[in-house]
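*Asks:* Per TrEMBL, the feature ATP binding site maps to 147, 148, 149, 150, 151, 152, 153, 154. Annotation comment: TrEMBL describes 527-596 as coiled coil. Residues annotated as compositional bias 'Polar residues' in TrEMBL: 1-11, 508-517. Summarising the annotation, TrEMBL assigns compositional bias 'Low complexity' to 23-47. TrEMBL lists 484-493 with the feature compositional bias 'Basic and acidic residues'. Annotation comment: TrEMBL describes 62-400 as domain 'Kinesin motor'. Taken from TrEMBL, the feature region 'Disordered' covers 1-57, 484-517. Annotation comment: TrEMBL describes 646-688, 687-730 as repeat 'ARM'.
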């Protein structure tokens, strides 16, 4: 019996069966499978991401490939008039056929098939718009055109559409979409436009800048071109002008295949920076005790690549310098094809450094970007070979899986500007209050001086009036006394002429003297009153002077207060400097945490992919032995520095904080620290494991569940920690978390933790009793490949431990606990899963189960025997293939069943 494999539309060569003979049911199921996969990836990629670090929220996204057919040109209408097109499209089935001859053809399936009548708008909506929407959501994106020269790549991507707006290409439409969605007040869009010509990078917006170097971030491997011109875009008109200027500087030549053949790869990079409304991160400062709200921004990048066309020199007629250009183009496209082949085959080495083109597209294939590839073909039968090569390139690209990630970070520049504005406002307010205070003091002083002057003047006038009044009264009194005296003297003279007694004159004289002395006493009293009034006036003047002195003292106190305010301003300036230092420290710590998270994830991936080596007794080594032990001195020093700056106990105490954001940040830091084997013992001794389990029990936050489960998975790599986790009811908590979770990443972390615990021989019975096997089986509802891979790994670990126990106990052990819990149907169903990481674990689990004779009856009834036969013949791993073959040969039950079915297995 000949076997037949069909994947991503590729027809196996050497097989007598044709794709057209497949039943309609088979083709429709394949089509629905591709569509459902694409839709699920789209939903995952646009999900929101929480917290500071986003590494734990990566989702899988396959490279999407569309094919577009160019209509016949004038030359082909004449030269190929008697021949049919070599390409036949079936857009409703998303299929394409390449005719080998009049009676035979090869059929391929793509994500989209666009006929020669497809409009530019239709091409943009099915190829580019999903990528642009992902870029607006914070993911990186790539749109690339590949095909033979003259098949319409530049028309599809770079057409400006000035004469006819319907003819606008993907570049123009993508910027229209982005500018329509962003907010000019809070968001920013900037572009750079350059070409890769003869393995040199040249700036299309500054032709003099013709030798730009590529820079790579040593921490995350991001590629950037710091030497290119970066222009901020505010409106569509300015962007079209930039495109026109860039196209004018691009190299082109006249060949037999195209009158304006592009001789370079043109790359447009669009950088989008968007602020997330309603999302701030609380940063507390110990010196001020205040909480600052740092805005969070998403930075994404859209890369649009117009590749130069592949060509054969004998057909294009290139010679001289044009021949050298064609050689350089073909070499770079060949390097790109090798990278895509390596990624499609899951090769351990991807030759990204063979060309600058592959280095620039490092993130687009096998990286973190959402990638759409449009391959352009022509209908001419003369170019059937080039068309077939282009189709093969697209088919291989469809096998490449990217891990989409959102890049979020704190906007420290915005926070610094906000603090500067607040400080300027405080200084201006202080200066205003100081000036108002000085004006008030001056006003009060002037008013006091005026009141004192008025009082002195009023009292001086009053004293003068009193003095004049008393002088006048005194003069009038003297005058009256003199008149009275004169009258008395006159009367006294008349009395002397008269005859009378002498004593009468004496009496009258004494009466006159008495009257004069009374007047003098009255004048003295008036003078005394005048003196008293003057003293009262002087006392009032002294009182006013005392008030003035008091006001001057008040002014001095106000001056002291002004000095204190000056000092407060200086303190605010010092506080700003300290705040900037704290921001720098926090940024360094966040970068360190992000770096540790990336390295931890890589270590976990290495641990998950390396468990199939070795023989039967050691096929699945403990994950803890897979952790790299040669971490660099720089990484260890950075972790020691993190402990010194923050302190483990302080980090663990934040797990119980009231603020949810603080708890999320704290549990992420603990998870990153737990990835280091040297830190795990310290975390457990400080109570970190208990705190993580408490978070799983008490918190309802999905992010906390995801990161806490990841931290527990890291700690579960140690055998001592595994026993502690089980003793504290960890498997029950993980099972409950798995039952309530819906997020694939949370389920992946929980499944990874349970899978690590499944690798401990001593915990098998308790793990099953606490619901560990049931939890693994329940998580298959998610259907996410990463979750299924961890479930398969846990089942393989459990089966390995059972096999090891049976080898020591002989025939004493009974049927497998896995079979009793009903995992066998799922194992058989996924034994030939398309995902290699799932398939390898399942194949290994089947081999371990088959080693025990007590399991053979259930395996035969459940269809596992046929999977073992397939594994022994078709498994890609020689060690597993040999193991399955040996088991089938040594098992009496399997041999008897094969003989019953008349299957010759020699």
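Note that the numbers count up from 1, one per residue, in the order the chain is shown.
The backbone N, Cα and C atoms fix where each Cβ goes, and this holds for glycine too.
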*Asks:* So of 147, 150, 152, which of the binding-site residues has the fewest other Cβ atoms within 10 Å around its own Cβ?
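*Replies:* Counting other Cβ atoms within 10 Å of each of the binding-site residues 147, 150, 152, the minimum falls on 152.
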*Asks:* What does the DSSP secondary structure composition of the repeat 'ARM' (687-730) look like, as residue counts for helix, strand and coil?
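*Replies:* Here the numbers are 35 helix, 0 strand, 9 coil.
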*Asks:* Are there residues of the same chain, six or more positions away from residue 154 (ATP binding site), whose CB falls under 8 angstroms from its CB, and which are they?
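*Replies:* Result: 145, 262, 266, 306.
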*Asks:* Can you work out the mean pLDDT of the predicted model over the repeat 'ARM' (687-730)?
*Replies:* 86
*Asks:* Treating G and I as helix alongside H, and B as strand alongside E, what does DSSP give for the compositional bias 'Basic and acidic residues' (484-493) in helix, strand and coil?
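*Replies:* Once the DSSP states are binned, the compositional bias 'Basic and acidic residues' (484-493) shows 10 helix, 0 strand, 0 coil.
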*Asks:* Run through the Cβ atoms and count how many others sit within 10 Å of the one on residue 148 (ATP binding site).
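*Replies:* A 10 Å sphere around the Cβ of residue 148 (ATP binding site) contains 27 other Cβ atoms.
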